[in-house]
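Over in TrEMBL, the protein carries these features:
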BINDING   D53, S54, D96, K126  3-methyl-2-oxobutanoate binding site
BINDING   D53, D96, E128  Mg(2+) binding site
ACT_SITE  E195  active site, proton acceptor
Amino acid sequence: MSSHTAGPRKHVTVHELRRMKEAGEKIAVVTAYDATAARLVAAAGADVVLVGDSLGMVVQGHDSTLPVTLEQMTYHCAAVRRGLARGDGRAHLVGDLSFGSYQASPDEAVKSAMRLAAEGGVEAVKLEGGAEFGEVIRRIVRAGVPVMGHIGLTPQSVHKMGGYVVQGKDSEKAQQLLKDARALEAAGCYALVLECIPAELARIVSGQLRIPTIGIGAGPHCDGQVLVLNDLLGLDDAFTPKFVKRFGELGAAVKGAVGAYVGEVKARTFPADAHSFHSSAVRLVPVTPENDREEPPDAMGAPI
Ligand SMILES: Nc1nc(=O)c2c([nH]1)NC[C@@H]1CN(c3ccc(C(=O)N[C@@H](CCC(=O)O)C(=O)O)cc3)CN21
Ligand SMILES: CC(C)C(=O)C(=O)O
Ligand SMILES: [Mg+2]
């Protein structure tokens with residue numbers, strides 16, 4: 001039944017994602033920003049790895065995704081691609097187009113998408129926006145790069161939305177969102193992220209589209225789900241929106257492990273002999289005027 005426990009590890013393509021929707025198999029998407037994380041999430045069975053521009057907040061410490069550049073997205077995508085290359089090659093890799101890299105003109109959007117594919121090694125790009133991006137999407141797809149759409153709460157428009165708030169709550173906004181979803185499918189998107197919208201609306205959108213919907217804060221009726229890796233690992237106590245479930249408490253685990261290391265360094269129990277290198281030849285190092293001096297005493301005043 002579940003394809004990640006047994007069977008061939010064939011690469012997840014845009015066609016495979018469509019097949020999964022038709023077969024009613026849920027799609028699991030998770031972010032990664034570096035090679036180590038990519039290797040771990042792929043080994044855990046994620047179908048799709050997303051290099052999200054959320055790295056601006058998670059990795060760079062900004063309070064929005066707006067400062068992230070295409071250069072930086074390319075760098076992180078390439079690192080994730082190299083991490084995936086060390087695994088079984090099953091996961092599908094998508095990278096976010098950064099703010100400012102696709103909005104000004106279709107020509108610039110095509111160039112940005114091609115750079116992320118060529119240098120970053122992604123097989124698809126994701127961009128935020130509704131029907132107004134139809135032309136941009138058509139042009140990128142025509143250039144050979146699959147496009148994942150993203151509507152609802154679109155973090156690159158945080159100032160337009162007036163904050164990170166749930167979208168599509170009244171029937172007029174819900175109607176508009178459904179129209180956008182249809183337009184994005186018609187423009188050639190192969191999948192669509194629905195972020196922070198009512199579960200009832202996400203259910204209707206998912207039922208009306210033939211392309212898979214990937215929800216984050218969009219309820220259980222989407223064809224797949226996406227979460228930021230750091231959020232699902234429980235690495236950050238400060239970021240706790242309603243849609244995040246912590247599947248681990250790695251923040252506490254990290255503090256525990258690093259605290260133990262610090263304690264052992266202070267107590268002189270680390271490094272032990274097992275972690276040290278030895279060479280009997282070193283005693284034969286000739287004593288010269290330069291190295292013939294007493295070792296400094298340690299802080300306790302004892303000779304080392
Ligand atoms: N670590 C991380 N996880 C993410 O999911 C994420 C990022 N960063 N950065 C980019 C965007 C920003 N995102 C956000 C940020 C905050 C809320 C938030 O505070 N939502 C409120 C909703 C309030 C309301 O409208 O009722 C919540 O309580 O969930 C939602 C999405 C999602 N993305
Ligand atoms: C949360 C997902 C959908 C995203 O766009 C990101 O991580 O940047
Ligand atoms: Mg993003």
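Just so it is clear, glycine is given a Cβ too, placed from its N, Cα and C backbone atoms.
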Of D53, D96, K126, E128, E195, recorded positions neighbouring ligand 3, Cβ under 6 A: D53, D96
Listed binding-site residues adjacent to ligand 2, that is, members of D53, S54, D96, E128 whose C-beta is under 6 A away: D53, S54, D96
Extra residues within 8 Å (Cβ to Cβ centroid of D53, S54, D96, K126), 3-methyl-2-oxobutanoate: T31, L50, V51, G52, L55, T65, V68, M73, G95, L97, S98, H150
Secondary structure of K126 (3-methyl-2-oxobutanoate binding site) (DSSP, helix/strand/coil): strand
Per DSSP, three-state class assigned to D96 (3-methyl-2-oxobutanoate binding site): strand
D53 (3-methyl-2-oxobutanoate binding site) in three-state DSSP notation: coil
Spatial neighbours, same chain, of S54 (3-methyl-2-oxobutanoate binding site) - Cβ under 8 Å, 6+ residues apart: T31, T65, D96, P155, V228
